[in-house]
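Taken from Swiss-Prot, the feature Zn(2+) binding site applies to 104, 107, 138, 141. According to Swiss-Prot, the feature domain 'J' maps to 4-67, an assignment based on sequence analysis. Annotation source Swiss-Prot lists domain 'DPH-type MB' at 82-150.
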(Lines of atoms letter the chains of each structure in order from A; the text may use other names.)
(Lines give C-alpha, C1' and ligand atoms only; values in the text may rest on other atoms or scores of the structure.)
Protein backbone atom coordinates (compact mmCIF):
# COMPACT_ATOMS: atom_id res chain seq x y z
CA UNK A 1 0.00 0.00 0.00
CA UNK A 2 2.70 2.46 -0.96
CA UNK A 3 2.36 5.48 -3.18
CA UNK A 4 0.38 8.69 -3.09
CA UNK A 5 -2.55 9.29 -0.79
CA UNK A 6 -4.75 8.66 -3.83
CA UNK A 7 -3.08 5.27 -4.37
CA UNK A 8 -3.47 4.39 -0.70
CA UNK A 9 -7.22 5.04 -0.86
CA UNK A 10 -7.52 3.63 -4.38
CA UNK A 11 -9.21 6.71 -5.82
CA UNK A 12 -8.71 9.05 -8.77
CA UNK A 13 -7.12 12.47 -8.22
CA UNK A 14 -10.44 14.11 -9.10
CA UNK A 15 -12.47 12.03 -6.63
CA UNK A 16 -15.34 13.85 -4.95
CA UNK A 17 -15.44 14.17 -1.12
CA UNK A 18 -18.04 11.40 -0.88
CA UNK A 19 -15.79 9.04 -2.87
CA UNK A 20 -12.86 9.91 -0.58
CA UNK A 21 -14.93 9.10 2.52
CA UNK A 22 -16.27 5.84 1.05
CA UNK A 23 -12.80 4.71 -0.03
CA UNK A 24 -11.42 5.57 3.42
CA UNK A 25 -14.03 3.44 5.16
CA UNK A 26 -13.50 0.56 2.71
CA UNK A 27 -9.70 0.63 3.14
CA UNK A 28 -10.03 0.69 6.93
CA UNK A 29 -12.29 -2.36 6.79
CA UNK A 30 -9.80 -4.15 4.52
CA UNK A 31 -6.93 -3.31 6.89
CA UNK A 32 -8.86 -4.39 10.01
CA UNK A 33 -6.99 -7.03 12.05
CA UNK A 34 -9.91 -9.47 11.80
CA UNK A 35 -9.63 -9.33 8.01
CA UNK A 36 -5.83 -9.49 7.90
CA UNK A 37 -5.13 -11.99 10.67
CA UNK A 38 -2.96 -9.44 12.46
CA UNK A 39 -2.51 -5.76 13.06
CA UNK A 40 -0.63 -3.69 10.51
CA UNK A 41 -0.60 -0.38 12.34
CA UNK A 42 1.46 1.16 9.54
CA UNK A 43 -1.27 0.47 6.98
CA UNK A 44 -3.98 1.94 9.20
CA UNK A 45 -1.83 5.01 9.90
CA UNK A 46 -1.21 5.54 6.16
CA UNK A 47 -4.94 5.22 5.43
CA UNK A 48 -5.81 7.70 8.18
CA UNK A 49 -3.16 10.18 7.03
CA UNK A 50 -4.35 9.92 3.41
CA UNK A 51 -7.92 10.60 4.51
CA UNK A 52 -6.94 13.54 6.74
CA UNK A 53 -5.17 15.23 3.83
CA UNK A 54 -7.63 14.41 1.04
CA UNK A 55 -10.77 15.22 3.02
CA UNK A 56 -9.57 18.76 3.84
CA UNK A 57 -9.75 21.04 0.76
CA UNK A 58 -6.83 23.23 1.89
CA UNK A 59 -4.54 20.32 2.72
CA UNK A 60 -5.58 18.50 -0.45
CA UNK A 61 -4.76 21.48 -2.64
CA UNK A 62 -1.31 21.83 -1.03
CA UNK A 63 -0.73 18.07 -1.37
CA UNK A 64 -1.74 18.12 -5.05
CA UNK A 65 0.80 20.89 -5.65
CA UNK A 66 3.56 18.90 -3.92
CA UNK A 67 2.60 15.79 -5.88
CA UNK A 68 2.73 17.69 -9.19
CA UNK A 69 6.23 18.97 -8.38
CA UNK A 70 7.37 15.45 -7.48
CA UNK A 71 5.92 13.98 -10.68
CA UNK A 72 7.50 16.72 -12.81
CA UNK A 73 10.88 16.14 -11.14
CA UNK A 74 10.92 12.37 -11.64
CA UNK A 75 8.96 12.10 -14.88
CA UNK A 76 7.42 8.90 -13.51
CA UNK A 77 4.02 8.37 -11.98
CA UNK A 78 1.71 5.50 -11.23
CA UNK A 79 -1.67 6.69 -12.48
CA UNK A 80 -3.24 8.44 -15.50
CA UNK A 81 -6.01 8.05 -18.05
CA UNK A 82 -6.19 8.52 -21.84
CA UNK A 83 -2.51 7.94 -22.59
CA UNK A 84 -0.92 5.69 -25.21
CA UNK A 85 0.08 2.33 -23.80
CA UNK A 86 3.30 0.45 -24.46
CA UNK A 87 4.65 -2.80 -23.11
CA UNK A 88 7.90 -2.84 -21.19
CA UNK A 89 8.92 -5.37 -23.87
CA UNK A 90 9.11 -2.39 -26.28
CA UNK A 91 11.99 -1.01 -24.21
CA UNK A 92 15.66 -2.01 -24.41
CA UNK A 93 17.20 -3.17 -21.14
CA UNK A 94 20.68 -2.14 -19.98
CA UNK A 95 21.56 -4.84 -17.47
CA UNK A 96 24.62 -3.02 -16.09
CA UNK A 97 22.63 0.10 -15.25
CA UNK A 98 19.34 -1.65 -14.51
CA UNK A 99 17.51 0.78 -16.82
CA UNK A 100 14.90 0.28 -19.55
CA UNK A 101 15.06 2.80 -22.43
CA UNK A 102 12.96 3.54 -25.51
CA UNK A 103 13.04 6.17 -28.24
CA UNK A 104 10.18 8.63 -28.03
CA UNK A 105 7.52 7.99 -30.71
CA UNK A 106 6.78 11.74 -30.89
CA UNK A 107 10.14 13.56 -30.85
CA UNK A 108 12.39 10.56 -31.70
CA UNK A 109 14.79 11.26 -28.83
CA UNK A 110 16.90 8.07 -28.72
CA UNK A 111 16.48 7.51 -24.99
CA UNK A 112 13.50 9.77 -24.40
CA UNK A 113 11.92 7.24 -22.11
CA UNK A 114 14.14 5.92 -19.35
CA UNK A 115 12.81 3.64 -16.62
CA UNK A 116 15.17 2.57 -13.85
CA UNK A 117 14.10 -0.66 -12.13
CA UNK A 118 13.70 1.27 -8.88
CA UNK A 119 11.18 3.63 -10.53
CA UNK A 120 9.16 0.61 -11.64
CA UNK A 121 9.16 -0.81 -8.11
CA UNK A 122 8.26 2.48 -6.43
CA UNK A 123 5.66 3.85 -8.86
CA UNK A 124 3.87 0.86 -10.37
CA UNK A 125 0.19 0.30 -9.79
CA UNK A 126 -1.86 -2.81 -10.46
CA UNK A 127 -3.76 -2.96 -13.77
CA UNK A 128 -7.40 -4.03 -13.58
CA UNK A 129 -6.78 -7.00 -15.91
CA UNK A 130 -3.64 -8.11 -14.10
CA UNK A 131 -0.04 -7.05 -14.27
CA UNK A 132 1.41 -3.69 -13.40
CA UNK A 133 1.56 -0.24 -14.96
CA UNK A 134 3.63 2.92 -14.60
CA UNK A 135 3.30 6.34 -16.23
CA UNK A 136 6.46 7.95 -17.63
CA UNK A 137 7.25 11.22 -19.41
CA UNK A 138 9.71 11.68 -22.26
CA UNK A 139 12.85 13.49 -21.12
CA UNK A 140 12.89 15.57 -24.33
CA UNK A 141 9.22 16.48 -24.88
CA UNK A 142 5.88 16.53 -23.08
CA UNK A 143 4.66 13.06 -24.14
CA UNK A 144 3.50 10.74 -21.35
CA UNK A 145 3.01 6.98 -21.82
CA UNK A 146 1.47 4.16 -19.86
CA UNK A 147 3.95 1.30 -19.67
CA UNK A 148 2.49 -2.13 -18.90
CA UNK A 149 4.51 -5.00 -17.49
CA UNK A 150 4.26 -8.20 -15.53
CA UNK A 151 6.41 -9.09 -12.57
CA UNK A 152 8.42 -12.20 -13.29
CA UNK A 153 10.18 -13.97 -10.47
CA UNK A 154 13.21 -16.08 -11.29
CA UNK A 155 14.92 -18.57 -9.03
CA UNK A 156 18.65 -18.11 -8.77
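Every residue, even glycine, has its Cβ placed from backbone N, Cα and C.
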Listed binding-site residues (104, 138, 141), ranked by Cβ neighbours within 10 Å, top entry: 138
Cβ atoms near residue 107 (Zn(2+) binding site) (within 10 Å, other residues, all chains): 13
Residues in the domain 'DPH-type MB' (82-150) grouped by DSSP into helix, strand and remaining coil: 10 helix, 29 strand, 30 coil
Sorted by sequence, non-104, 107, 138, 141 residues with Cβ within 8 Å of centre, Zn(2+): 105, 106, 108, 109, 112, 139, 140, 142, 143
DSSP-assigned states of the domain 'J' (4-67) in counts, ordered helix, strand, coil: 50 helix, 0 strand, 14 coil
